[in-house]
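In TrEMBL this protein carries:
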BINDING   LEU12, SER13, GLY14, LYS24, ASP68, ASP97  GTP binding site
BINDING   ASP97  Mg(2+) binding site
DOMAIN    9-154  domain 'MobA-like NTP transferase'
Amino acid sequence: MIDKKNITGIILSGGKSSRMGSDKGFLMFEGKPFVEHSIDALKPLVSNIIIISNNKDYDIFGFKRIEDEIENTGPLAGIYSGLKHASTEYNLVLSCDIPLIKSNILEKLVNAAVEDYEVIQIESGGKTMPLIALYKKQCEHIFLKLLNEGERRLQFAVNQCNLKNVVLNEADALFTQNINTPEELKAITL
Ligand SMILES: Nc1nc2c(ncn2[C@@H]2O[C@H](COP(=O)(O)OP(=O)(O)OP(=O)(O)O)[C@@H](O)[C@H]2O)c(=O)[nH]1
């Protein structure tokens, strides 16, 4: 397993949250803001955490916050900013809208990094999840090239890398649910 000193946690907390109507990272679940669930899942596995957001409110969590290098361009640009500022070879990237996430799911990504993959992503219920994934820092170069060409699609960009999927069983898949709408929020808090 990779030593945690070689892994940075990168949390994406930008974007428009247009479907939710308010910044998803600050929605509450089980007494904690969503973003804190991502922070807590990362903590045992990484040596430091960077939050990628233009919202200064995220400074209350006490981690380094990086603003998007390229604004309003979606998660691909957010990951690019994170990888550019990270100083470790490996980087665990998480969105801020997966409040059920747990460290043992992320550990599966770290344990899979035995060969020379550039990206290792979760596959859950037949869906690939590049926002629950381990990225090598070197991906920043291909991502910048694609962004400069006008590319915005994260999965397209990830598919250009040497890629492995870690397939979750049905029980583990529950922990990767992402919450985009008030209805989805209501459903998990019932
Ligand atoms: N730093 C950064 N993060 C982003 C950006 N766009 C989306 N994200 C993050 O990427 C994850 C997935 O975002 P989406 O749900 O696809 O997009 P969104 O803009 O947050 O929400 P919608 O407007 O409802 O699509 C979330 O954690 C967002 O915070 C961006 O431009 N910059």
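Each residue's number is its place along the chain shown, starting with 1.
Glycine is treated like the rest: Cβ placed from N, Cα and C.
All features noted in TrEMBL, drawn onto the structure.
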residue: LEU12; record: GTP binding site; DSSP class: strand
residue: LYS24; record: GTP binding site; DSSP class: helix
residue: ASP68; record: GTP binding site; DSSP class: coil
residue: ASP97; record: GTP binding site; DSSP class: coil
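When other Cβ atoms within 10 Å of the Cβ of LYS24 (GTP binding site) are tallied across all protein chains shown, the result is 24.
Within the model, the domain 'MobA-like NTP transferase' (9-154) carries an average pLDDT of 97.
Taking the Cβ of SER13 (GTP binding site) as reference, residues of its chain lying under 8 Å away and at least six apart in sequence are, in sequence order, ASP23, LYS24, GLY25, VAL35, ILE51, ILE52, SER53, ASN55, TYR58, CYS96. Pairwise Cα distances among LEU12, SER13, GLY14, LYS24, ASP68, ASP97, the recorded GTP-binding residues, top out at 18 Å. Among the listed binding-site residues, namely ASP68, ASP97, the Cβ with the most fellow Cβ atoms inside 10 Å is that of ASP97. With a cut-off of 8 Å between CB atoms and residues at least 6 apart in sequence, the same chain places ILE52, SER53, PRO75, GLY78, ILE79, GLY82, VAL93, LEU94, SER95, CYS96, LEU131 near LEU12 (GTP binding site), listed in sequence order.
For GLY14 (GTP binding site), the number of other Cβ atoms no farther than 10 Å from its own Cβ, over all displayed protein chains, is 25.
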